């Protein structure tokens, strides 16, 4: 019996091995996962930084560098190309001079951009709702119809509308055939607004369609089963859930519309002078690059501030599928 007990005791001792102090064991258990996790995190960070390098270089060369160049020229001596040996606020003083009419151009650009966004929201929403809900297998084909004009030059399309609205053109000639008189549409602010709505419709339609497609159908069906009216469903479910896509479309079209110049020149003639037209004149005919850069920088700051205010209202995590 004593021999068997000794063998059992010695076997238990072999199985249990040397005792490790509790504090040391906890430290070892905590250190190994941390070391493994740290290595994995470092690898993931390095891989993410490597993957983002092309995008970062593209933004640096295509956005930051041109913007920095424009900002440098904005503080140069007027009507000169000396950027590094001069610094002056004369260009901004000329812009803020009360006698300068450039603020009318700013007002026209911002006003037309706001009207374009409102008109596009009204026009695009029913189409986007149909693409997301009703058109079924025809949705892809209809989307292509709206995107296809983007493959044609914007100026070509606008000159086509010029022929349509021109006196004795398509619209005027058709109305005269039926005994009517064509309205004076061409070279008016209304023609500019029409051209901007026509050109930028796809940029509002596609994000809005994506936003409406993110609304769960079962949620709408549940609300309908509970007796909610169509207006109540739209106000309480569809509109709040589709708001990110709608706001992205509004922001995109607003930025594009503020920078529009072809619509005012082709369809508006000289009836409206927008700020981008003044910038073009400063860079080309006037050869006053510092003044043109100051106008461009000021426009960028205004549009950037408005864009950041709009982005603050967006739930980017939800749009990107992070939650």
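From the backbone N, Cα and C atoms, a Cβ is placed for every residue, glycine too.
TrEMBL labels come from automatic prediction, so no person has curated them.
Residues or ranges marked as region 'Disordered' in TrEMBL: 1-20. Per TrEMBL, the feature compositional bias 'Gly residues' maps to 1-14. If you look up TrEMBL, you'll see 53-76, 106-128, 140-166, 186-206, 239-262, 294-314 marked as transmembrane segment. The domain 'ABC transmembrane type-1' annotation in TrEMBL covers 106-310.
Take the transmembrane segment (294-314) and the stretches 53-76, 106-128, 140-166, 186-206: counting Cβ pairs under 8 Å, 53-76 has the most. Ranked by the number of CB pairs under 8 Å to the transmembrane segment (239-262), the listed stretches 53-76, 106-128, 140-166, 186-206 are led by 106-128. 106-128 is the stretch from 53-76, 106-128, 140-166 with the greatest number of Cβ pairs below 8 Å to the transmembrane segment (186-206).
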